[in-house]
Structure formats: C-alpha cells, structure tokens
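S.K.: What follows is a single structure, and I will ask about it in a moment.
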Amino acid sequence: PILLRLLSEAQHEPGMCSFYEECGRNPSAGETLLPPIVPCLNYSPARALAGEHYRKLKKVCPVLDRGEGNTFACCSIKQLSSLAMSLTLSKAVLVRCPSCAENFAHLHCINTCSPNQSQTVKVTKVDNVTNPVTNVTREAVVAYQAFISTSFADTSFQSCRNVRIPATGGFAIATMCGRYGAKLCTPQYWYDFQGDSSNGLAPLDIDFQLVKDGDTQGLPPGVIPYNGRALRCNETTPSGGEVCSCQDCQESCPKMPPPQMPPGPFRILGMDGFLVISIILLCVLMCTFLLYLAVSCFVRSQKRKDEEKGKRKGKGKDQNTQAFLSSEFRRWGTIMASYPLTVLLVSAVVVAVFSVGLKSIELTTDPVDLWSAANSRARQEKDFHDSHFGPFFRTNQLILTAPGRKGHVYNSLLFGPQNFSGLVSKDLIIELLELQTRIRDIKFWSEDLNSTASLKDVCFAPLNPSNPSVTDCAVNSLPQYFQNSLYNINDKKNVTQLGVTAEVDWRDHLIYCLNSPLSFKDITGLDMSCMADYGAPVFPFLAVGGYQNDDFTNAEAFILTFSLNNFARNNPKLKVAMQWETEFLKIVQDYKKNPAANFTFAYMAERSLEDEINRTTAEDIPIFMISYAVIFVYIAVVDSKFLVGLGGILVVGCSVLASMGFYSWIGIPSSLVILQVVPFLVLAVGADNIFIFVLEYQRDVRRPGEKREEHIGRVLGNVAPSMLLCSLSESICFFLGALSTMPAVRSFALYAALAVLMDFVLQMTAFVALLSLDARRQDNNRCELACCVTVSTQRSNEPNEGFLLPLMRKYYAPVLLHSYTRIIVMVVFIFMLCGSVFLMFNVTVGLDQELAMPQGSYMLDYFHYLYKYFEVGVPVYFVTKRGFNFTTVDGMNAVCSSTGCDQFSLTQKIQYATNYPELSYLAIPANSWVDDFIDWLNPGSRCCRLYTTLGSNNGKFCPATDIRCLRKCMKNPPDGVLRPSTENFNRFLPDFLGNRPDLQCPKGGLGAYDTAVVRDETSRFMAYHTPLTNSQEFTAALLKARELAYNITMSMRNVSGTSPDFEVFPYTITNVFYEQYLTIVPEGLFNISLCLLPTFVVCCLLLGLDLRSGLLNLLTIIMIIVDTVGVMTLWGIHYNAVALINLVTVRTRPPCRPLKSMMLKRLVRFLALRIYGSLHVWPVSSAQHQRFSFS
C-alpha cells in the first residue's frame, strides 16, 4: 500500500526521470525470446551525457541528440545496449521503409531515454529484483503507462502498415499486431502488442494511452502526452534515409491510370453481334434458295431436252473413271478369291513381321509428354525452370470437413467472443494429428535404395535439405501451430487480465496463430510458438479453408499437405517418391473406409492424376470387347456367317497391331490414347466396309455361268471404289493430322493413318480370301463350325432384300424426294446452319480437369473440394533468363521494391498487378531475394556480421546467433540507400542463401531463396494466382501473366549492360496443359481447311472429276462441323482436344473431317452414278442402299 501511494503521488515534471539503469530480470516474466531486463525505479533528474555515453545515444536514439554537452537522457549505457538489441529485431522487418523504422525507434527512445520521461510515462507496478552478482535487492519497474498523442501514433502506424515481408508477400505489421493481423490492426492494437510482455520481446508491460490532441481530461497532473513529429512514409529521414518505396507506401506510388478493361461483348446496333450476323446470313441464304427455286423452275420448263443431252454428255466422263476402277478391283478380287489360302498366308506373314515390333513398344504416360510439344513455348519454359531450379515439388493433400457438427461461440478472456465452427474442435484436431502422424511414419522397403525408406528420404525439407529428419519435412496443417504436440494441444493455464481470471487453452493459441503465423511466441500465457516443427510458418490459407473475411476459426475445412521433392523421370528417387505416395493413398483410403472416422474428406497424391487417367484404359476394356462383339454378332447372324464375322474382327485387329508394331520398330512412342481410340476408329471404318461388302454379296445373284471367284470379284468391283474413296481420304487426312505439334495428337494421327490404310489393304486381300472360303463352304452345303458335315438343304439363289430396303424404297425415299418435302428440309437445315453459326461463336473453349477423370474417381471429389474451400491459387514464378546483371546498382534497382528502387521495377510491376486481381489473376505479390538480401546486409539488423577473432574464421560470415560477432558486413551508406558493390554482392550472396532464418535474423535466405537463385544464370520470383476454378480462368491467367512478363522484359532490357535477348517469363505447373487453348481456335480453323482440301480432291478424282459432287460433299461436311459445334454449345460441351476427337476423324487438335463424312462420300458417289451414270452398266448396290438408310 505504501508503494502504491508513492507511485500515485510521483511528480510528473520536466527534466525528471521515472526510472534509470537496469535492475535485473523481470521476476514475473515467463519464457522470453530476449532477456527481460527491467529498469530500476528512480525518480531523479535526467543525466547530462558525454563521451561514450553520448555517442551511444546518438547512434541508438538520434532523435534525442542535442549535441555533446547539451544532451540529457534518462537511460544508461546498458539500457541503450538493451534497447539497441530490441530495436534490431524490429528493424530487420521494418528497415525496408526508413521512416517507419525511425518512427518505431522514436517512440521507444522517448519512453526509455527522454529527458522529460516523467511527463510521458507513469509507473504502475514495481517489484523487488535481486541482482545475482551483487546480491543487492532493488525496486524495479515492471509496468508503466505511456501517454502518446493520437496524431503521433496515427502517423507512425500509417508509415508502417503497408511495409511488406518479401519472402512471404505479406505485411510486416501482421507479425506485430497479435491476433488482429494486418487487416484488423489499428494504432491501439499495434501499440498494445508492443507493450505486452507475453509476446516474448517486451521486457515489461507498457500500457499505451493514446490521447487526442488537446484533450487533458483524465490525465494525471503534470502528464503531457508525447506529441513529437512522426515521419510519413513518403518523407526522407533526418539521418538521410530515402522515402519508402511504392510497395511499402501507397503515398510514394506514382499516379497511374487504371488498367484497360477487357473488351466487352461484340455488339451491332446494341444487339449481340453474332446474332445479327446469323440473322443476316439466314436472310441471304433464304433469298438465295428462293431465287434458286425460281430460276431452276424456269430453266427446267424451258430446256428439258437440253438437260437430257447434258446428262448423256456427263455420263461418258464419269463412266470412264468408274469403269476403270471397277474393272481393276473386279480383276483384283477375282485373283484374291482364286487363291484364298495363299493370300491368307502372305497376309499373316506381313502382319506378323509388322507386329514383332510390339516387343519394343514404348508407352508415354506422363501427361506433360502427351499434351505439350517439346518445342512449344510452355514446354521450353518448363524445361528451363526444371533444369535450373528443379521440378516443382510433389503435392500430397487431404481436404477434410465435418458436416453436420454444430459450432459454438468461445468467450475468450484475451480476444473476446469468437465463433468456432463444428470442425474446429479439440477432438477433431487430435484426430487430424493422429492421421498426420500415421502418414508421416510411413515406412516401406525400396528396391531402388536397397533399404527401408521413409518420408525423410523424399520429403521437401526447405530448412535442412541436405540431411533432413522427419521433423524437417514440410508438412502444412493446423496441428503445426502446436508443433504437432498432443501436450501443447492439451495445455491450459489460468490468466488474469483487468482483474478477471480465466482459463486459456488451445483455442486462444489457435486464434492468435491464425492471425499471426510468423510469431515465435504467443501472448496468451501458454508461451507457445506458432511456427511449424520444421521451422517455417504455416499461413492460414495452407491450414484451413472455406472461411469468410479472415474468420479463420469458423473455417469449414482442414487442409493437410505433405510436400515431396520432385525428380526427373530417369532419377531412381522418383520411384521412391511414387512408392511413398502409393503407401500414402493406401492409408488414406483405409481411413476413409473406417466407420469410426469423423471426417468427410477428399484427397490426392501427385501421382493420382496420371494413375486415374491410366485407369480408364482398364475400364475401357469391357467397352472395347462389347463393341467388337456387337460387330461380330451382326456379321455372324446375317446368313449365319460366323467365320466371316470373326474374320472381319481379326482384319481390324491385325491392322491395328501392324500399325502399332511398325511405329514401334521406328521408335515412335505410343500412348494410352492410341490404345483406347485407334481400335474403335478402325473398327468404325473397317466394319462399315465389311457391312457393305458382305451385304452386297448376299443380295447379289450369281449370273449364269459365272464362277464363284468371278462373282466375288464383280461384287468387289461394285463396292471397292467407295471403300477406296473413304479409306484413302481418311488416311490422307490422318497423315496431315501428324503435322500437329501436340505429341499425343501427332502419334495418334500416325498410328490411325497407317491402321486405316492397313485395314483397307487387308480387306482387299485377307477378307476377300475369307469370303471366298466361306462361299466355297456354302456351295458345298457344309456347316460353318463343323465344316466336315454336309447338309442336304440347298442354298437359295434368290436375293434377300431384308426389311430396310423395301422400307426406304417404298416409303422414305418417295416422301423425302417430294418437291414440297425437299423445300421444307432445305429451309429447316438453313435455319439449323444459321442457328449453329450463332451458337458456334459462343462455344466455351477449354477442358476442365474433372472431365479427364473416369467416373467414380476420387479425384472428382478432390477437385470439388479444392474449388470450394481453397482461398489462394497456384504459385506463379517470374523467371529471369541469363543476360541481366543483378550485381550492379542499376540491376538491383530494376528488380527490388524497397527504398531507392525503381518505381517500375520487376517486383513493383507485379505489385501493381495485384491491385487488380480480377484483371491480372494475381493475388499475392512476388517475393524478392534481392530485397531481402539488401535488408540482410543492412547494418541496422543483426543478420550480416563477421568474425573478428584471430584464426581461420577471421573476416568470414558469422551467424546472428553468435553474440561475439560485432563487426558489420556493410557500413551505413551516406545517402541512406544501401547497395552492395559487385565484390560484396558476390561475396555475401552465398552466405545469405545459406543462412537459416530465426528470431535474431528473420531475413535469412535458406528455405525461401536458396533454390531461387542460380548465380550468373537465372533467378525466380514467386507470386500467387487468385483461386482458379476452370480452364477458362487458367488460360486467362496464363495470358495475363505473359503480358506482364513481356512488359517487365522490355523495361529491364533498357538497363545498362542487359543482353538484348534477355527475357522474363512466367512459369506455373499448369501452363503446359492450358497453353494450347490460347491458339486452339485459329489452329483448328486452319487445320480443318487444310484437311478438307484432300477430302475434296480425292472425292472429285474418284468420282470422275465431278466438281459438283465434290463441292456438295465438301459443303455438307462443313455443315456437319458447324452444326456439331452448335450442339456442343447447347449441351455445354467445351471445345477442346477431347471434344475434337469425337468431332473429327483425323486428330484431337485441330480437327480435319467428321466420321459421318465417309457415309456422305458413299451417298454422293451413289447419287452421282444414279444421276450421271448408266444404270445398265452400273447397277446400284442394294447393300449400299440399305447401308445408306442407317446414315
């Protein structure tokens, strides 16, 4: 009571101190990050400073310097040393902005050393402290109030609130505002954190009282709130410091016009422009059609006789070409049918020779190798990045939810009422920790290592990459805020605040860490760190998801991520990593089946995408078998031709095997796409030809005196020209498809082209021989399976028309060819064409990842969870190529974003882009090793020191943890802008990159930058995209990143000494998959045009130079393409490589010709012969007629 009375009666007078000198350790302090040395209670006059005492004050607190002999202060040399050490820790993150660092030091110098100390502080608590050396007990100050004007506090706070930490892209003030983080931080919260001894940095409690200017109500008598002049962030400092950079100070930013908005939708007269064009096209086509009807009626009525003569003239021209083809195929068919066994033997030998190449077949399964050309820009950028920095690490992740659990409101003594979702509960955190521990402890035998392998053998360990332990592995999760310790989760303490005592537990620690993840010690009284056990921070968006407005404790999902090192395909450690991922998937899948599990979750491993795509091959085997069985049954049941059906299937299969074997011989790799698609494609083409051939043979009557072989040859002569027309155009278009730059498409086109060609050759040889053998069996009345058994029933020589041919001839054709019906059909199809033109311009380009997965894949759930719960997008690296000199002052200024840097430097331009995330798709600015390297060298921090002891270490780098090192690497620059010389740059850069960050030096480059710099070669700067949820956003983000990188490249080339071919490019792991969609539309149109040309030429040549029929075929194919794309828009099918496989026959990207066009070619040929040819010489195939009915 006496002490409290003395404290309350203490005078607040100018020139008087409230405390002086150091008494010892604060007895009420727990575990701290710095020694909590507190001052002695000492109400006495301020001391005049001279000599070493004065020089020390001038160095630490220049704001109090009034010249030697005129400077008074209330602090001793020991106090100044302790203050300097404390300020050094803060300056390490604030030194980027000189005015902020000076304002921060300004206030603490006033509180500790001001000659009018008693007027600005009021001691509120003292305690007895015994000096362990002298054994003298004295009264020490352990708490006081500091009175500050709001104008000084607000200006100081504003100068610091936007200072960034380049390594993380976040704000420095987020680490200095406790649970409020950067977003909710205010001057009062900021000072409250600085004065809280539980933060591990403040040696005693300081109650900052912010008083409005001129307001004296409630102030103790004599107290005058400090109202010195705080510097704005766009002001220079008295010590020579430059203004803060734009990235750290918005007031320093140049006035820039807002970015250009993307162009709006195409409009004409306020309407959708494409709709207007479609309407105009409809009107033009309808008018043209009506004009054609009028002119044709007039011409037909006036010149009927001339038209008949014209038909006869045309007959000779077409008949010559068709007669030649039919005659040659008839002769060929007769020969093949005459020697069936020899033909089959030769065919089998040829197929066998080709198929032997399958022993050396090479399957490409890597999605990058499949869908990205080796010479494409994105692939070259990926190869450059991976060769210099290594492949992007492998991600293995779980996203866990607990739907249906009821949340609660936690009334925290320290933080007030806080909402906790049902997910964020102690039992679920412990369950998550148990699952995490089970995965972390995975062990398995590795043949590649010839030993037992575990996570430490393959994990990404940023702070100990050379010899990691399991705890060094980068595992990001919510339990990491408790260092994966069950003891820490269960820890609790009673804490008294403002006279109220309550229990604090894991919830208080979690609230604090989610808002201040970079803290080494919380302020809850639990005295726990927020850093992960592997030494790095876990940012909230890496631990939880599905929250709103940074309300982290109300999150709907936990995120658990194991990061592994990635390796080249030929590195044995890749197999070890993939084996670990296999074990990871087993554990996760077993846990998912466990009925006792309380989580609903989705998961993925790095190998999952490739595994699931490959799994579709096995799932397609039943479909493959069913398709071939259907074709076999169809052929077999027609006149009981079991062997013919089986032979047709074997012909198709042999053509595929021969194609695959041939390309395996010459070293062109195959893929699962080829195994899945080519057999179906060849089946479609081959079965169509077989249908026509078999049905024509069954419906044709052998003429009197005609031999069986001649009969087969004549039938082949009737149908082979149309088979040649289709197969030849198909094969040519496929070979043109090999011009594609996409590896999977190119190999698919080559394999398909040869398979189609081989299928036609085998049909003209082996299948004709099989049909000849079957006809011989029938002529001898032998059973098909029991060929030795003869039956007495004679084979009917009457043609079998079936039911479709009469239906088409008697009903469908007369109705369709009626004059009114034809007009209606033409009008309907004109409407369809114009409508499809409009829809075609609105088709969505892209391929969402979900569509690449098989039905029921666990990856579908993962993508759903990813898009729903993740709050940040994929990282994007801005990579600099060789040719830029970082060691010069101009080079550093063109890259960095701190004081003295160019306003339009590399990192500053990225910062500008993040101000408009909806346009740039960039959410978090790039980290910058150049900025942190400069800050690391700054003599105001403790990071870069040199040994001064005699011996081998003299003059070498000394870590900040060694307190014996006092020599600084760099001196304070006269202009306040630190830039190392080229010699010092090269000397200290390796030390910076190998320096592990800690509390004494948070700017160390190990982990953040050690793999981001390849000296004299390249470097990279990492930013983050906004959350990207579909292929359109991924493609747009790629485009915008390239535009930004090009802009940066052009400005950096203007720096003296920069190579003219220097380049900056953006790299994201998804670029190789989405780059194709930047050009797929123009490339698709070009290749469609390119592939339609041979279709037109082949059709005209094989139809006897009939340009009219060729144009009709060409126009109809174009209509099919347009209508199909229009239907794709209606059904929500995206325009992409997968869709184009179904849209065209030649390749996935870009298209060439629809499958239905081969039916069209047959129909055009049939009609051309019907109209222009002699029916006596060219009898219409009834089999063809029936086959057309299917079309």
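For all residues, glycine too, the Cβ spot is worked out from N, Cα and C.
Residues annotated as domain 'SSD' in TrEMBL: 611-773. Among the features that TrEMBL reports, transmembrane segment is placed at 273-295, 339-358, 621-637, 644-666, 672-695, 715-742, 748-773, 819-842, 862-880, 1085-1105, 1111-1133.
Quick one: how deep are these features, and who are their neighbours?
M.R.: Long-range neighbours of the transmembrane segment (339-358) within the same chain, counting only residues 6 or more positions beyond its ends whose Cβ lies under 8 Å from a Cβ of the stretch, are 654, 657-665, 758, 762, 765-766, 768-770, 772-773, 776.
Counting only same-chain residues 6+ beyond the ends of the transmembrane segment (644-666), those with a CB under 8 A from a CB of the stretch are 347, 350-351, 354-362, 628, 631-636, 674, 678-679, 682-683, 686-687, 690, 694, 747, 750-752, 754-756, 758-759, 761-763, 766-767, 770-771, 774.
Distant neighbours of the transmembrane segment (748-773): 329, 332-333, 336-341, 343-344, 346-348, 351, 354, 643-644, 647-648, 651-652, 654-656, 658-660, 662-663, 668, 670-671, 673-674, 677-678, 681-682, 685-686, 689-690, 693-694, 697, 708-709, 712, 716, 720, 723-724, 727-728, 730-732, 734-738, 740, 1146-1148; these residues of the same chain sit at least 6 beyond its ends, with a Cβ under 8 Å from one of its Cβ atoms.
Taking Cβ pairs closer than 8 Å, the transmembrane segment (862-880) reaches residues 381, 384-385, 389, 397, 399, 401, 541, 545-547, 556-557, 559, 601-604, 608, 849-850, 853, 906, 910, 921-924, 926, 1018-1029, 1037, 1041, 1045, 1048, 1052, 1062-1070 in its own chain, all 6 or more past its ends.
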S.K.: Considering pairs 6 or more residues apart, do the transmembrane segment (819-842) and the transmembrane segment (1111-1133) have at least three CB pairs under 8 Å?
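M.R.: The answer is yes, given that the two segments have at least 3 Cβ pairs within the 8 Å cut-off.
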S.K.: So what pLDDT does the domain 'SSD' (611-773) average out to?
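M.R.: Averaged over the domain 'SSD' (611-773), per-residue pLDDT gives 82.
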S.K.: With Cβ-Cβ distances below 8 Å as the criterion, list the same-chain residues six or more beyond the ends of the transmembrane segment (273-295) that contact it, or say none.
M.R.: 265-267, 823, 826-827, 830-831, 833-835, 837-838, 841-842
